[in-house]
Every structure is written in structure tokens, then in C-alpha cells.
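Let me begin by presenting the structure, written as C-alpha cells, before commenting on it.
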Amino acid sequence: MSPSTRTDNEADVSHRERPTRTDSSLIDSETSLPRSQQPASALGQHITDEEIQKYQPRFRGARLNAFLAFIAGTGFTLFGYDQGVLSALLTTESFMKTFPQTSPTTGPPNHATLQSLLVAIYEIGCLIGREARKKAYNRFRWYYNDYWGNLTDNQLRGVAARVITGLGNGLNTSTVPAYHAECATPEKRGYLIMIEGSLITFGIMVSYWIDFGFFFVKNSSAQWRAPVALQIIFAIVMIIGVEFLPDSPRWLVNQGRHAEALVVISALEDKPHDHPDVQRTFLAIREAALAEHTLSEKGNLQEGFNLGELLHGGRSQNFRRATLGIVIQAFQQITGINLITYYATLLFERLGINDLRSRILAACNGTEYFLASLIAIWLIEKVGRRKLMIFGAVGQTITMVLLAVLGSIDRSSTNIASAVLLFVFNSFFAVGWLGMTWLYPAEITPLRIRQPANALSTASNWAFNFMVVMVTGPSFQNIGYHTYTVFACLNAFIIPVVYFYFPETAGKSLEDMDVVFAQAYNEGVSPVSVSLRKDLPPAGSPEADKILGVGIRQRRNNPDSSPNRTEGTQADVEKQG
């Protein structure tokens with residue numbers, strides 16, 4: 001039966017069916033015990049004490065988690081540095097000599113378009129890099145990409161270098177959050193990803209101050225080459241650091257390397273490998289992997305995903321959930337944040353502020369941006385996702401309206417107010433939208449489609465990033481302050497969309513979101529209203545299984561199975577613990 005002809009119940013539960021106690025694929029050949037009563041060694045392959053010792057990582061517990069966070073954070077710091085480094089370099093004397101096509105004095109009439117192209121083409125590299133990522137390939141590529149950026153000396157090579165640098169960062173930003181999330185505990189996942197968002201602004205801040213320092217290097221191309229080349233430091237730290245980190249437990253289980261996965265979980269939780277908590281985590285990962293894959297004859301996990309599943313509706317609501325991830329990434333870019341990030345110095349100069357002061361203000365703007373982002377780390381679990389996004393969008397709308405109004409007056413006193421408003425806009429964005437778009441797509445999408453859905457959402461981010469950065473230069477050249485009016489309208493549009501269509505994910509496990517969407521489908525109501533309820537049954541409970549329709553297809557395919565048959569799941573491990 002093709003997917004298009006399945007009933008809702010069949011399509012929705014086919015990837016959620018839980019293996020029963022008698023599933024031979026989960027029973028060791030040497031024992032007849034249900035898998036909930038077997039050690040991890042019985043789940044797929046035999047794990048010996050020798051293997052446990054062999055795969056011990058270099059660090060454990062707090063040291064391992066801290067080092068992992070440091071390396072992951074370095075990746076996002078590099079990302080932020082690359083975003084901000086050209087901001088103050090575009091108007092330096094040595095840069096305009098090297099790239100005269102982008103100069104407003106010596107360049108052609110379309111210099112603004114060429115300037116925007118040189119800046120924005122980086123996003124196309126990131127987009128391609130996001131779609132073409134390979135695991136081992138890019139550990140070295142990060143180094144090479146950043147180094148080549150130091151060798152550019154004409155427009156063509158400058159564009160090419162930006163594309164290749166974008167490739168490296170596209171691979172970077174698509175790999176780091178997923179790896180970190182797979183290694184983090186559920187209660188810390190949102191907190192840690194918001195920290196990564198803050199480190200983007202930290203990289204931007206560092207790039208602005210380095211640009212300012214090299215502004216005083218006169219009559220030398222080092223004025224712009226050195227800031228571009230210095231990002232290599234972050235790349236080298238990552239290249240060396242990743243060699244000391246273990247692979248994620250999720251990836252290891254998918255490869256059938258159960259012993260290594262168990263050891264890594266033990267190290268991350270700083271508990272013995274036979275501790276009930278470690279066993280419980282191992283079983284949770286194993287069950288999640290089984291939901292995504294089918295077992296081969298050799299016992300290894302093989303891909304069973306069909307891209308058509310992204311279009312499924314029914315209880316799973318795959319299409320709606322994938323769309324929410326894509327839309328939130330697009331919304332982040334159409335707020336206009338990179339209008340400031342990439343062109344901060346130019347914006348201050350347009351306000352009549354001299355060259356030196358513009359650079360000081362840009363660096364201070366980056367510093368304030370970083371400090372404001374720390375607020376979101378504290379609020380993310382206390383306030384929730386929806387309120388932060390709406391708060392940010394409302395503040396951004398008001399700020400853009402004020403910038404448009406003050407731009408129409410064009411007086412020295414209003415220019416000072418406009419400069420302050422650029423700081424204010426960054427603050428609203430940092431609190432409401434900076435880290436949110438890296439967190440929300442992973443939370444909103446179901447396990448079965450999470451990887452391809454997140455790939456599409458990140459591609460959306462880079463595509464809209466390119467569009468915004470590309471049109472900014474020509475827009476200011478042609479319509480001036482009305483550019484702010486356009487972004488004010490876009491921010492205003494975001495507010496009702498978030499309010500009516502984006503469910504709340506705070507305080508819910510990833511599996512709880514399956515229950516939210518299934519219940520909304522069953523009742524014919526909005527998932528937003530269901531997500532705000534306090535009485536929704538938790539995932540894994542009999543009530544939640546009934547909402548999800550779990551077991552319908554299983555009993556249909558196996559009439560001998562009893563609806564009351566006990567399944568060997570994490571619940572059994574919890575009883576033992």
C-alpha cells in the first residue's frame with residue numbers, strides 16, 4: 001500500500017510502533033529474558049568489560065561536558081566572527097583600494113550592489129555547505145577556508161573566498177548544534193543551545209573590536225587582511241579540540257557501535273556503565289533509533305526514511321511541523337538583524353557620524369548585543385518560547401518605525417537618537433530571536449523527520465540571510481530611510497503569525513510535542529491551544545499512547561498480540577533503578 005493510500009492511523013503510527021517483549025531483534029541469542037531485564041550488552045550486540053575499558057574517553061563528567069561546550073561554543077564564535085568581520089572593513093582605505101568596485105567614490109554606479117554581493121555571497125556558501133556536509137571532510141576544511149580568505153586581492157577572488165568560507169561555516173553551523181544536542185541532557189538542552197546563540201554575538205563583538213584596532217594600521221593591506229585571517233585561530237582550536245571529543249551516543253547507536261555508545265553515555269553522566277540512569281538513557285536512544293530505522297539482517301540500523309514523509313498530515317502533522325521550522329528561520333532573517341550586523345559602520349556613517357566614531361559605536365553595538373543575548377539564557381525556560389518571540393517582534397517593529405520616522409526628519413539631534421535605536425533593536429532581537437531559531441526547529445519536529453526538517457529550516461535561514469544582505473545596499477541607495485519602513489512591516493507581520501500558529505514547547509519533552517499535535521488533530525483544534533494546556537498526558541503514558549494511536553497497526557498486523565501485553569521499555573529500567 002502506498003503512503004498516499006494509507007489511512008491516517010496507519011500512516012501515523014507506522015513509525016512509532018514499539019517493539020514488544022518478544023521481538024527477536026531485541027533479544028540476545030543467548031537469553032530469553034525480555035530486553036528490559038537484559039543488560040545493554042544484550043541489546044543488539046555483546047558488550048564485554050574489555051570493550052568498556054577500550055573505549056573510555058579522555059575526559060569524564062564535568063570536565064567532558066565543559067570541554068564539549070567550549071569546542072561547540074568556539075564553532076559558533078567563529079560563525080559570529082565571520083558575520084561581523086566585514087562590517088567595518090568595507091570603508092577602510094586599503095579595502096577600497098583592493099576592491100575599488102565597491103567604493104562609493106571610485107566604483108561604478110552599481111557599487112552598492114557589488115558591495116552587497118561581496119558581503120552576501122557568503123550566505124550562498126553557507127547554504128551549499130549546509131546541504132553538502134560530510135562528517136570528517138570538514139575538520140580540515142575549516143582551516144583551509146579561513147586561510148584562503150587572507151589571500152584575496154580582487155573582486156572575483158574575494159567573492160570566491162567568501163563562498164568557500166561560507167561553505168565551511170555552513171558545515172559548521174549544521175553540525176555543531178546537532179552534535180551538542182545529542183550529547184546534552186534533556187534538561188540542559190535548551191539552555192546550552194541558547195548559550196551557543198549568545199556566542200554568535202560574542203564572535204561579532206570580537207570581530208568589531210579587532211576591526212577597530214586594525215583601523216589604525218595605515219597604508220597597508222594588513223588593515224583588512226589581518227582581521228580576516230585572525231579567524232583562523234577559532235578554526236584551529238576546533239580542529240584540535242574535536243579530536244579529543246567522543247562521537248555522540250546517538251550516532252554510535254545508529255552505526256551499531258553499542259559498546260562505545262554506552263561508554264560515552266557513562267562518561268557524559270559520570271556514572272558506571274551499569275548504573276540504571278545510564279542504562280535508561282541507552283535504552284531511550286536505542287528506542288528512538290528504532291523509530292527512525294529498520295534493522296538489517298546483521299543487526300545494524302539502516303535508513304528507512306522516505307522524503308515523502310515530510311508531507312504527511314494526520315496525527316503526526318509532519319508537514320505543518322517542518323513548515324514551522326522553516327518559517328521561524330526565515331522570520332529571523334526578515335527582522336532585519338543583518339542589516340545592522342553586516343553594515344553597522346556604514347549605518348552610523350550614514351547618520352553623519354565620522355569615521356572613527358562610527359567604528360567605536362559599531363564595536364560598542366556588538367558588545368551590547370552580546371550582553372543582551374545573555375538575558376535570553378535566563379528567560380528561556382521561565383518565560384517560554386512564544387512570549388519571547390512576540391516580545392522581540394513587537395520591540396523590533398516599534399524600533400524600525402522610529403528609525404523610519406527619524407530618518408525622514410534628518411537632523412543632527414535625530415541622528416543621535418537613530419544611533420541609540422540601533423542598539424535598542426539589537427537588544428530586542430537578542431532576547432527574542434537570536435538563539436530561538438536554532439532551538440525551536442529541533443523541538444517542534446518529530447524524531448522521524450527531525451534531520452531532514454532541520455536541514456530545510458537551516459537552508460531557509462541562509463537563503464533569506466542572503467536575500468536581506470544582498471538587497472540592503474541597493475535599498476538604502478534607492479529608497480533611503482524607507483528601508484526601515486519595509487522591515488517595520490515585516491516585523492509587524494511576524495507577531496500574529498507567531499501568536500496563532502506557533503505552539504509552546506517550553507517544559508515539554510520532544511516526545512510530548514507528538515502528543516500535542518496528535519491531540520490537536522483528533523479534536524480538530526489548533527496545536528497552539530493544546531500546547532498551552534496543563535492537563536495534557538505526558539508521552540509514554542497509556543493516555544498519550546491512545547492519543548497517538550500507538551498499537552493500532554501493531555495489533556492489526558499481529559492478531560495474536562494482546563492489547564494488554566507488557567512492552568519492555570524504559571519503564572522497566574526505571575522500576576529496576
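Keep in mind that glycine also has a Cβ here, set from the backbone N, Cα and C atoms.
Listed in TrEMBL:
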REGION    1-47  region 'Disordered'
COMPBIAS  7-21  compositional bias 'Basic and acidic residues'
COMPBIAS  22-40  compositional bias 'Polar residues'
TRANSMEM  64-81  transmembrane segment
DOMAIN    68-506  domain 'Major facilitator superfamily (MFS) profile'
TRANSMEM  112-129  transmembrane segment
TRANSMEM  191-210  transmembrane segment
TRANSMEM  222-245  transmembrane segment
TRANSMEM  324-348  transmembrane segment
TRANSMEM  360-381  transmembrane segment
TRANSMEM  388-409  transmembrane segment
TRANSMEM  415-441  transmembrane segment
TRANSMEM  453-473  transmembrane segment
TRANSMEM  479-502  transmembrane segment
REGION    536-577  region 'Disordered'
COMPBIAS  559-569  compositional bias 'Polar residues'
Per-residue pLDDT averaged over the domain 'Major facilitator superfamily (MFS) profile' (68-506), given as an integer: 79
Among the ranges 324-348, 453-473, 479-502, the one whose Cβ pairs under 8 Å to the transmembrane segment (388-409) are most numerous: 479-502
Of 64-81, 191-210, 479-502, whichever stretch has the most CB pairs under 8 A to the transmembrane segment (222-245): 64-81
Residues of the parent chain within Cβ reach of the transmembrane segment (64-81), under 8 Å, 6 or more residues beyond its termini: 57, 142, 146, 169, 172-173, 175-177, 179-180, 183, 192, 195-197, 199-207, 231, 234-235, 237-238, 241-242, 244-246, 267-268, 270
